[in-house]
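Here is the structure we will look at.
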Amino acid sequence: MAMATTRAEDLIVCYSPKMVTAKGIWKGDNPLDYSIPLVILQMTIVVATTRIMVFVLKPLRQPRVVSEILGGVILGPSVLGRVQGFASTIFPSRSVMVLETMANVGLVYFLFLVGVEIDLTVLRKTGKRALAVAIGGMILPFVVGICFTIVLHERKPKSLNTATYILLLGVTLSVTAFPVLARILFELKLINSEIGKLAMSSALLNVMCAWILLAFAIATADNDAKSFASLWVLLASVGFVVVCIVFVRPAITWMVGTASEGEPLSEFTICVILTGAMISGFITDAIGTHSVFGAFVFGLVIPNGALGVVLLEKLDDFVSGLLLPLFYAISGLKTNFASIDSGRTWGVLAFITFLSCAGKIAGTMLVTMFLRMPYNDGFILGVLMNAKGLVELIVLNIGKDRKVLNDESFSVMVIVAVVMTAIISPIVATMYKPTRSSVSYERRTLQRALHDGELRLLVCIHTHRNVPAIINLLEASNPTTKSPLCIYVLHLVELTGHASGMLIVHNARKSKHVPTAKNRTQAQSDNIINAFESFEQHSSFVSIHPLTAISPYNSIHEDICSVAEDKRVSLVIIPFHKQQTVDGGMEGTNPAFGSVNQNLLAKAPCSVGILVDRGVSGSARVAANEVSRQVCVLFFGGPDDREALAYGWRMCENPGIALTVLRFVPGANATLSTMLPTDDPDNPNVLTVEATSSWENGLDDEYINDFRSKNDDDESIVYTENVVNSSEETVAAIRKLDNYHDLLIVGRGHGVMSPLTTGLTDWSECPELGAIGDILAESDFSSTVSVLVIQQYIGSSQHELTGSPHSTSQSDDELIHRRTWSPKKTDYI
C-alpha cells in the first residue's frame, strides 16, 4: 500500500481492494492493516470514549452533543493524535474514508428519523410569539457571522464564493439545535414551563429556516459566477420537495392504509420506506444539495402514526447510539487546535464567541421586550436559544469538504459551537428562578374544595390498561352544574435518554396529531387521549385537558407535582404499581411505578389517591332511582381518613352511588399508651401522642357529625360503627367484608398512631398504601373490589412526613410529633 504527498494540505491515499478481512494473527497478519477489523476497533473506541465523556460531564448537566464532540476532539490531532503512533495506528489516513462513509450513512438515517419525529402541524400552532423570537434570534447572530467572514476574509482563498462563505458561517452562528435544547430544558425541569414551550416552538421554526438557508448556501457554492448551475440546483431542490409532498406522501399513506387494522406493518412496507430514505439522499446529492437534505425531507412527509412508531423502534437505538457518534467523532478528528497558531486567532475566537452569544441574547431580548415579557425571562430565553448541535456540525463539515472553511476556521467554529452550548445549563440553572404566583391556592384537598365550585383533578396514566378504571372512578365523582370536573390527564412515559427525544411534553387539545417528539409512544398517547375525550363527549359538566410527560422514572414525580401546582388541582390520582391477573391475584408491573408513587406521596402539593384496580364497575347509564355502584369508606380517624370521607361524600351525591361509611371505634381495652414504653413517667412522647390523639378524635367527631347531620335523610347512605380493641380484631373485621362493594376508599393513615393498626405496618409489602390499604390490596382479600387509598395534603412539610423510597425510616412517635400543629378549626374546613 503506497501513500504519496504533494502539498501539506493534499494527501493521496492508495487502497488495496483485497485488504478487507485479515487471515488471522496466527498467519502473521496484523488485523489493523485490514479494513473491517480496523473499523470495528475504531467504532468501539469512539463509542467508549463518548460514553465516558457523557458520564464525566453529567454532573455539569452538559448535553450529550458536547460530550460526543469532545470525545472526537480527544481522539483527534488535538490530544491523542499527538501521541506518537496513535493516529497512524488507530486512525490512519487510509481508514478515514471508510469511517466517514459509515458516519454519513448514520447521519442520513438520523436526519430521516428527525424528519419522522417532527409533526408539521406544530408549525401552524406555534403562534406569532414563537415566530418573532425565532426571527429575532437569527438576525443579529447572522450579522455577527457576516462580520466574522470579513475578519477572516484574508485567510479565505480568492476563488471561493463569498456569498456561500457568509451563508455557511451565518447559519452556523444563528441556528438553534432543536434536540439539544430539548435535552437542556429537560435537565433543568423547564420543558413544561411557559419559557420552555416558547423556546421549543421558536427552535423548531429556527431549524426549518436554517435548513432552507443551508440548501441555498450549498446550491450557490459554485465558484463560477457565469454558470447557471446554482440556479438549476435551487430549482431541482424545490422540485424534489414538491414531488415528495404531492406524490410520495400520498403513496406512503396508501401503502399504510392497505394494512389490516390491528395488524403490524409488513416487512415489505418497512423495507420500501428505508430504501426510500437512501434514494432520497442519493437524489439530493446528485442534484448538488446534500444527501441529508433529501433524507430529512423524506422523513417529513412520512405520515404520523403507526409507521413512524415502527421506524423509530427499529432504527433509533442503532442509529443514535452507534452510528451518530461516528459523525461527531469525525468532526472532532478534523478539529486541530494546533492550526490556531496565533494569539490573534485566539483573540478572534474569544471575540466571536462573545458576539455570537450576545447577538443571540440581544436579538431575543429585543423581541421579548416588544412582547412585554420580563427582562429576566428574555435573557434566559436568549441563552437557551444559543444551543448548538448537529445542524451546525453538518454546515461546518460541508464547508470544510467544499474548502469554504480551512482547518483554522473549522476548528474555531467547532470550539465556538461547543462553548456556546456548554455554558447554557450553568447560566440558566444559576440565574433562572421560575416566578410563581405569590398567592398560593388553598384548595389543595378535597375537604377544602367547595361542593358548589369546580373540582380540579390530575389523573396519571402509565398504559391504556389504566384508562377504564380511572374513567369509571371519575364518572362516580359526581360532576354537576354547580361543581363541574376539570380533569388533567397526564400520560407518564419513561425517557430512556436518547438524543432523539425532542418534545418531552405535549399539551394536545382535541387533535389527532399529537406534537410529541417521542413517536414510539404517540400511538398509545393517541388511544389514551381519544378514550378520555370520548368520556368528555358522553358526559356532562366534564372538561378534559390531556398532557404527556416524558421523563426518567426517578424524576417524573417532579413533573407531576409541577403540573398539579400549576393547574391548582385538589387531588392527584395515580394507578397502583400492581395489576390483577386472570386468576384474581396481584402481580407487579414495572417496579419503578412503585417508586414513582412513593416519591409523589412525599412531594405532592395536594392530596394524592392511589387506585388499586380490580375492575371498577362499568359506566352503564341508569335511572335516577337506581344504584349502579356500591362504595364503602373505611374510617379509622386522622386527616387521611377525613379526606377519604370527603371524596365519598362527594360521590354519594351521585344518584347512582350507594355509600357505606364504616367507622372503626377503639373499645375500652384499646389504649394508645400500650404502644409506647411507659417505664419513664417523664417520657414526652406519651404526652405528645395522647394530646394529639385527643385532638384528632375531636376533629374526626366533628367531621363525622357534620356529614351525618347533612345526610340524615339520604337512604342511599349507611353509617355503621364497629368497635374493636386491637389490630388483630381490625384485620378480622376487614376480612369479613364481602364482595358486595365495588370500591373501598380508605385513608393512608401515615403518621397517625392508632391502637387499631398497631404493628400492621411491620408486615406491609407496600408502605405507600398504609397499613389498611396494604391489607385491602393483598391478593387473598378480594378479586372484585377496587381500592382507593388517599393521603391528604397537610402543608409544606409534607416531604418530612411521608418520606421517599430513599429516605431514612422514622419512628411513629417522630411522625406524630412532626404532624402536631395548633388545633384551629380552620385547619380542616
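Here the Cβ of each residue, glycine as well, is placed from N, Cα and C on the backbone.
According to TrEMBL, the feature compositional bias 'Polar residues' maps to 799-810.
Residues or ranges marked as domain 'Cation/H+ exchanger transmembrane' by TrEMBL: 50-428.
The domain 'Cation/H(+) antiporter central' annotation in TrEMBL covers 485-625.
Residues or ranges marked as domain 'Cation/H(+) antiporter C-terminal' by TrEMBL: 630-795. Computed over the domain 'Cation/H(+) antiporter C-terminal' (630-795), the whole-number mean pLDDT of the model equals 78.
As annotated by TrEMBL, region 'Disordered' applies to 799-829.
Residues 19-22, 64, 66-68, 70-72, 74-75, 90-92, 95, 98-99, 102, 321-322, 325-326, 328-329 of the same chain lie 6 or more positions beyond the ends of the transmembrane segment (34-57) yet place their CB under 8 Å from a CB of it. The transmembrane segment annotation in TrEMBL covers 34-57 (among others).
Annotation source TrEMBL lists transmembrane segment at 69-91 (among others).
What TrEMBL lists as transmembrane segment is 103-123 (among others).
Cβ atoms under 8 Å from those of the transmembrane segment (130-153) belong to residues 162, 165-166, 169-176, 198-199, 201-206, 209, 348, 352, 355-356, 359-360, 362-364, 366-368, 370-371, 381-382, 385, 409 of the same chain, restricted to positions at least 6 beyond its ends. Annotated transmembrane segment per TrEMBL: 130-153 (among others), in sequence order.
The transmembrane segment annotation in TrEMBL covers 165-186 (among others).
Marked as transmembrane segment by TrEMBL: 198-219 (among others).
Sequence-remote contacts of a segment are chain residues at least 6 beyond its ends whose Cβ falls under 8 Å from one of its Cβ atoms, and for the transmembrane segment (231-256) they are 215-216, 218-219, 222, 265, 269, 272-273, 276, 280, 283-284, 287-289, 293-294, 297-298, 300-303, 305-307. Annotation comment: TrEMBL describes 231-256 (among others) as transmembrane segment.
Note on the transmembrane segment (268-287): residues 108-109, 112, 232-233, 236-237, 240, 244, 248, 252, 255-256, 259, 293-295, 297-299, 302, 307, 310-311, 314-315 of its chain, located 6 or more positions outside it, place their CB under 8 angstroms from a CB of the stretch. Per TrEMBL, the feature transmembrane segment maps to 268-287 (among others).
Here TrEMBL flags 293-312 (among others) as transmembrane segment.
Feature annotation from TrEMBL assigns transmembrane segment to 319-340 (among others).
The transmembrane segment annotation in TrEMBL covers 346-371 (among others).
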Margin query: Using a threshold of three or more Cβ pairs below 8 Å, and leaving out pairs closer than 6 in sequence, do the transmembrane segment (198-219) and the transmembrane segment (410-432) count as in contact?
Written below: no
Margin query: Quick test of the contact rule: Cβ under 8 Å, at least six residues beyond the ends. What residues does that give for the transmembrane segment (165-186)?
Written below: 61, 63-65, 114, 137-139, 141-142, 144-146, 148-149, 156, 196, 199-200, 202-204, 206-207, 209-210, 213-214, 216-217, 220, 356, 359-360, 384-392, 395-396, 398-399, 404-405, 413, 416-417, 421, 424-425, 428, 495, 499-504, 517, 551
